[in-house]
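As annotated by Swiss-Prot, S-adenosyl-L-methionine binding site applies to Thr145, Gly166, Asp188, Asn230, with the evidence given as sequence analysis.
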Amino acid sequence: MPWIQLRINTNSDDAETISDLLMEEGSVSITFEDGKDTPIFEPKLGETPLWRDTVVVALFDAETDLTPTIAMLKTLPFLGENFSHKVEQIEDKDWVREWMDNFHPIQFGTRLWICPSWREIPDPTAVNVILDPGLAFGTGTHPTTALCLEWLDSLDLSDEEVIDFGCGSGILAVAALKLGAKNVTGIDIDYQAIDASRANAERNDVADKLALYLPEDQPADLKADVLVANILAGPLRELAPLIAERVKTGGKLALSGLLKEQAQEISDFYSQWFDMDAAAHKEDWSRLTGKRK
């Protein structure tokens with residue numbers, strides 16, 4: 001069935017209020033969009049950030065008469081009589097199929113492929129990670145994930161113990177295991193990430209080699225030959241002593257989730273524990289690597 005879409009230009013202070021009112025008016029879904037192409041790279045812990053100029057997009061059943069809703073919105077002091085909005089009719093589509101069509105197998109490095117579960121594997125002889133992008137988090141398309149996957153592909157992980165700090169979907173953990181790691185420990189603050197990592201490990205027949213923990217449950221004596229942390233600059237700095245403690249002497253480290261302008265500061269900070277290499281870059285993002293002193 002077709003839908004009616006109402007787009008309202010507002011700001012971050014009023015977006016949530018408008019969203020609540022539109023839900024009361026019968027909207028079946030609400031999304032927020034960036035009104036002026038303003039990136040938000042690193043929200044604070046627990047924060048759900050919005051852009052200063054935010055577009056509230058509400059979807060209604062096609063039979064809905066929006067005249068009373070728009071009249072109500074005009075009475076709001078922060079919108080006013082002439083508030084900026086647009087009403088559109090949206091034809092129905094097979095949204096799931098359209099979403100699935102956007103995901104294709106991607107190669108990282110020389111050996112590794114990330115393949116959506118519904119796609120044919122391009123090279124059966126390669127190291128193939130079968131991933132369901134609907135489960136959560138990393139799919140390999142983001143530059144930071146790609147940088148980490150390329151780094152893992154470049155290593156000889158045979159019989160190595162690996163830690164994936166901030167494991168998300170488990171894409172890095174599963175890739176490490178498929179590339180020959182002896183075992184991997186995945187750590188994440190999100191229960192959904194733990195579930196997603198477990199599901200993707202099972203899908204790739206490596207679940208028996210993957211241990212998953214919330215931060216408070218990780219073993220106190222945990223150490224690894226290789227540690228990869230694709231999180232953000234703030235947590236990387238805050239967790240640096242713990243991350244350093246988790247890497248064996250001579251072990252390898254990769255850090256990502258960093259903007260180019262953040263890389264040097266984080267590299268300098270980690271240099272008290274690691275011999276750091278030059279940063280690698282992809283688009284606006286960076287990856288740092290080093291060897292434990």
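Cβ coordinates are placed from backbone N, Cα and C, and glycine is handled just like the others.
In the three-state DSSP reading, Asn230 (S-adenosyl-L-methionine binding site) counts as strand.
Residues Thr145, Gly166, Asp188, Asn230 are listed as the S-adenosyl-L-methionine binders, and the farthest two of them sit 16 Å apart at their Cα atoms.
Neighbours of Asp188 (S-adenosyl-L-methionine binding site), defined as other CB atoms within 10 A of its CB across all chains, total 26. A C-beta separation below 8 Å, combined with a sequence spacing of at least six in one chain, links Gly166 (S-adenosyl-L-methionine binding site) to Ile187, Asp188, Ile189, Ala229, Asn230, Ile231, Pro235, Gly257.
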